[in-house]
């Protein structure tokens, strides 16, 4: 390994394998929890679930670390390791772009969860299909008089050092274009969401403070409203949404009131109120049917609350997706700096940068699982509780069986002693 001592190479190799192990555990956790509990079936979790398979495939290659280099450039291990890394690592960045695109569709196109789910097969096909094209191409192509494209690349087998331009053109360049597009989408969506949330909160506060004042000023007779009074031959009406009232004139007066809709509440326009009973003509019965129109203020307030809830959900999705984007930056930044340093220093190798790349680049599954756990903590808590309950059942059964045997043996010994 040119530029690194044997001790440094050993540290980098061990770091790469440990990081790959953590990533395998994290990606496996995502897959297992998603398959065993519907509480994790959210749109952003579904994309993390699809990306977890690529993380596992990546770690199968990175956990071999320098074994591919030792096997030789033309070995199957080296070629397979290089092709997997070229294919699976960029797929994670494309899934992050798919998450950002879902944020765009949610905020700007008002797409629902069902509509986003329809796009998931397309996302999976593109995220795994696009990077597969160069990965397979480099595996097949071999120019006469030149080495294969895949070969030793410091940390593991990948695009050889004699094909540096392909590293930029097919790996780092496209990945950073994806990162810039992702950041641009989050910047636009975040700006719109923040503005909407601020306006809706301001509107909600104003509506809450002015609701009582508007009701009283619009209906001054509200102060003179009296309770319902029913007398033979007379009727008095208070305001409800819908009231059907019958009054009989015989001695045994029965009044039946049927209320449809909400309970009696505030006053509505179009209803005449009486501060004293009104005389009804001398007829056997009198039926009064009143339908009131709900407050326009209430309808506007309800729409505002619904809009606030929708934008809160959109912000929660955007916040979670931005965490995945942050993890992607942590993964790619040290490796990209290492690649730029390698080009600028004419092939010199930095132990610190290679150590950082070996630490974070294979750990995509670990970072994704960490964010997955944090953003779905209640579901994870319930999942672990259910697992613990299932694990306790055999222990409880064994304990009860042991107690029964102990009690029976104790009773048997007592019966023998009494004899």
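Cβ from N, Cα, C; glycine included.
Listed features, source TrEMBL:
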DOMAIN    12-198  domain 'G-protein coupled receptors family 2 profile 2'
TRANSMEM  18-35  transmembrane segment
TRANSMEM  47-64  transmembrane segment
TRANSMEM  84-107  transmembrane segment
TRANSMEM  119-141  transmembrane segment
TRANSMEM  176-194  transmembrane segment
TRANSMEM  313-333  transmembrane segment
TRANSMEM  353-375  transmembrane segment
Inquiry  = Do any residues, 6 or more residues outside the transmembrane segment (84-107), come within under 8 Å Cβ-to-Cβ of it, and if so which ones?
reply    = 43-44, 47-48, 50-51, 54-55, 57-58, 60-62, 115-116, 119, 123, 126-128, 130-132, 134-136, 138, 150, 156-159, 170-171, 174-175, 178-179, 181-182, 185-186, 188-189, 192-193, 314, 317-318, 321, 324-325, 328, 331-332, 361, 364, 368
Message = Need a quick answer: max count of Cβ pairs under 8 Å to the transmembrane segment (176-194), which of 18-35, 47-64, 119-141, 313-333, 353-375 is it?
response = 313-333
Remark   = The answer for the transmembrane segment (313-333), taking Cβ pairs under 8 Å and residues 6+ beyond its ends, is 43-44, 48, 92-93, 96, 99-100, 102-103, 106-107, 175-176, 179, 182-183, 186, 189-190, 193, 197, 360-361, 363-364, 367-368, 370-371, 374-375
Ask   = Are there residues at least 6 beyond the ends of the transmembrane segment (353-375) whose Cβ is under 8 Å from a Cβ of it, and what are they?
value = 4, 11-13, 15-16, 19-20, 22-27, 29-30, 44-45, 48, 51-52, 55-56, 58-59, 62-63, 65, 89, 92, 154-155, 320, 323-324, 327-328, 330-332, 334-335, 337-338, 341
Task = Sort out the residues at least 6 away from either end of the transmembrane segment (18-35), same chain, that have Cβ-Cβ distances under 8 Å to it, and list them.
result = 41, 45-46, 48-49, 52-53, 55-56, 58-59, 62-63, 65, 358-370, 372-373, 379-380, 383
Message = So if I exclude everything within five residues of the ends of the transmembrane segment (47-64), which remaining residues of that chain have a CB under 8 angstroms from its CBs? That is, six or more out.
response = 16-17, 19-21, 23-24, 26-28, 30-31, 34, 40, 77, 80-81, 84-85, 87-89, 91-92, 95, 98-99, 102, 120, 123-124, 127-128, 156, 324, 361-362, 364-365, 368-369, 371-372
